[in-house]
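Per Swiss-Prot, the feature GTP binding site maps to D49, V50, D68, E127, D150; the stated evidence is sequence analysis.
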Amino acid sequence: MSVHIELPTELRPLMKRPLGTLYRGKGRDTVEKFVGELASPTKLISVGDVTTFHLLEAGIIPDICIVDNRTKRKPVSRDVSDRNRDKVYEEVSVDNPAGIITDELIKTLCEAFDSEKLLRIFVRGEEDLATLPVILMAPLGSVVLYGQPDEGVVFVRVTEEKKEEIRVLFEKLISKNQNTELDKIRRILDGHKDP
């Protein structure tokens, strides 16, 4: 049986606010606004199909990209899905239903951060909540980029302070789920390799 964390209704408004700096705009113009801020991150991670597409179109190759071939709950265009299948990436697939973070997703992310390969994680379901464990698991100095629907791209520099902010949010999610099996997820997110 899969262990998972479900996003409760009362915490959904928290997930609508940007977790970092919001760069407003659309397309490649938005990428141009923050490209100077990238400054050789430890790892560059993109979450979302449209964000990944515009990075690749601008010649910026994330170390890890997390996609589900959907945007705003609708299929992405063929151009976007084709571009996101860039040949530089090795692909890994994972099941992760909408509104949930599964232990399978977290284990896949753990393996991705341990790898030196460029990875495309294809999520069967929804990748939106992956941003939380990504920030917690990414090495310090990494940059996480994800789309804020109809607004732009959110730029998150991974610092100890940012990890602590996300850890507090994660603890709220875990406490609302009331499942002793969630200790497995907590241990992985705290850096333990044994689930």
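Even glycines carry a Cβ here, placed using N, Cα and C.
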Cβ neighbour count (within 10 Å, all chains shown) around V50 (GTP binding site): 22
Least Cβ-crowded entry, counting other Cβ within 10 Å, from the binding-site residues listed as D68, E127, D150: D150
Span of the GTP site, taken as the largest CA to CA distance across D49, V50, D68, E127, D150 (Å, rounded to a whole number): 18
CB contacts for D49 (GTP binding site) [other CB atoms within 10 A, all chains]: 24
